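A.B. asks: Handing you this structure, nothing more for now.
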Amino acid sequence: MDIAVVGSNMVDLISYINRMPNDGETVEAPDFRMGCGGKGANQAVAASRMGSEVLMVTRVGNDMFADNTIRNFEDNGIDTKYVMRTDATSGVAPIFVDPQSRNSIIIVKGANAKLTPADVQGVKEAIAGCKLIVMQLEIPLDTVYATIELANELNIPVLLNPAPADPALLLDKVSGVEFIVPNESELSLLSGMPVDTRADILNAAHVLLDAGIPNVIVTLGSKGALWVTADKEVMVEAEKVEAVDTTGAGDAFIGCFSHTWTRTGDVAASIEAANKYAGDSVTKRGTQTSYATAKEVGL
Ligand code: RIB
């Protein structure tokens, strides 16, 4: 197994809107799509479509969404042995995409909130052979912390995507990760620093480096990503694309980065590939529906 994703799955309910309604107002939206999402599942699917062997550790509910989510993992070649059914609703995410391709997302964690540290201990043997463990913050923080401890014990590197931003996340509890991949607002929250300029971003990244994390990769949307370590900063620019829907682009980036890094160990080249993969995803609608295979995107 190449990659274990310990994280979330959601059903994305995507409305393509002209504008958000005001208080008490009803507005009509021109289009709607339902699809499989959730940051963990998205990252797993992206890595798998790139060609990695992926194991998913997650909890689905006991409703009509659960079977579809499991089938979707299977269709994408992901190992579902540790996709656990739960006496809860499945996670859902109502999403609103405006004509400028910007998105607003509400998440209802449902079963994802019931993924426990004990669940992760239960998959210790299965994840022991992985080259990378990938996590986000749509599962309980205690589970994130316990997984990092387990990964450190097993000597497996961890990539943490601290999304969605969570003010309760404790930096010293995640200092054992190899990579942290925040966007600008997540970096600001985690470091307690402003991120208005390049100098600000570097200073904020150094707060995470000082906490003991060796690689900080700040995603900058259409501009690309900035990789910062104790002794260097590398800006990897993204190519310009015509965006129609940016939902899940950050997850596409992480899935492709994880795949490429576990194959090559080359961080800069992995960011370059991830920029290209995420850039391709925003030219199509939906979350996982916008993720290409390696061949389709020319990687
Ligand atoms: O990052 C995009 C994802 O965030 C969506 O798929 C939605 O489910 C939320 O988890």
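Even glycines carry a Cβ here, placed using N, Cα and C.
Pulled from TrEMBL, these are the listed features:
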type	residues	note
DOMAIN	2-291	domain 'Carbohydrate kinase PfkB'
SITE	M10	site 'Important for substrate specificity'
BINDING	M10, V11, D12, G38, K39, G40, A41, N42, E138, D251	substrate binding site
BINDING	N183, T219, L220, G221, S222, K223, G224, G250, D251, N275	ATP binding site
BINDING	D245, T247, S281, K284, G286, S290	K(+) binding site
ACT_SITE	D251	active site, proton acceptor
A.B. asks: Which one is closest to S290 (K(+) binding site) in space, judged by CA to CA distance, out of the recorded positions M10, D12, L220, G224?
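C.D. replies: Of the recorded positions M10, D12, L220, G224, D12 has its Cα closest to that of S290 (K(+) binding site).
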A.B. asks: For the K(+) site (D245, T247, S281, K284, G286, S290), what does the 8 A shell look like? I mean other same-chain residues with CB within 8 A of the CB centroid.
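C.D. replies: Everything else in range on the chain: V244, T246, G248, A249, V282, T283, R285, T287, T289, Y291.
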A.B. asks: Taking only the binding-site residues K39, D245, S281, G286, which one has a CA atom nearest to the CA atom of N183 (ATP binding site)?
C.D. replies: K39
A.B. asks: Roughly how many angstrom lie between the C-alpha atoms of D12 (substrate binding site) and S222 (ATP binding site)?
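C.D. replies: With the alpha carbons as reference points, the distance is 23 Å.
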A.B. asks: Please identify, among the binding-site residues E138, T247, S281, K284, the one with the smallest Cα-Cα distance to G224 (ATP binding site).
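C.D. replies: Minimum Cα distance from G224 (ATP binding site) across E138, T247, S281, K284 lands on S281.
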A.B. asks: Filter the recorded positions M10, G224, D245 down to those with CB closer than 6 A to an atom of ligand 1; keep them in sequence order.
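C.D. replies: Only M10 qualify.
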A.B. asks: May I ask which of the binding-site residues L220, S222, T247 is closest to A41 (substrate binding site) if we compare their C-alpha atoms?
C.D. replies: T247
A.B. asks: Return the residues near K39 (substrate binding site) by Cβ distance under 8 Å, restricted to its own chain and a separation of at least 6 in sequence.
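C.D. replies: K39 (substrate binding site) has long-range Cβ partners G7, S8, Q136, E138, N161, A163, P164, G250, D251.
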A.B. asks: Can you tell which of the recorded positions M10, L220, S222 lies nearest to S281 (K(+) binding site) in space, using Cα positions?
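C.D. replies: Smallest Cα separation from S281 (K(+) binding site) among M10, L220, S222: S222.
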A.B. asks: Note the mean pLDDT of the domain 'Carbohydrate kinase PfkB' (2-291), expressed as a whole number.
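C.D. replies: Per the prediction, mean pLDDT sits at 97 for the domain 'Carbohydrate kinase PfkB' (2-291).
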A.B. asks: Compare all C-alpha positions of M10, V11, D12, G38, K39, G40, A41, N42, E138, D251, the record's substrate binders, and send over the largest distance in angstrom.
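C.D. replies: Those residues reach a largest Cα separation of 15 Å.
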A.B. asks: Neighbour count, 10 Å Cβ-Cβ cut-off, for K284 (K(+) binding site): what number do you get?
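C.D. replies: Its Cβ shell of radius 10 Å holds 13 other Cβ atoms.
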A.B. asks: For M10, A41, L220, listed as recorded positions, tell me which one has the smallest number of other Cβ atoms within 10 Å.
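C.D. replies: Relative to the other recorded positions in M10, A41, L220, L220 has the fewest Cβ atoms within 10 Å.
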A.B. asks: Can you list the residues of the same chain, besides M10, V11, D12, G38, K39, G40, A41, N42, E138, D251, whose Cβ falls within 8 Å of the substrate site's Cβ centroid?
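C.D. replies: Near the substrate site, beyond M10, V11, D12, G38, K39, G40, A41, N42, E138, D251, sit G7, S8, N9, C36, G37, G91, A93, G248, T287.
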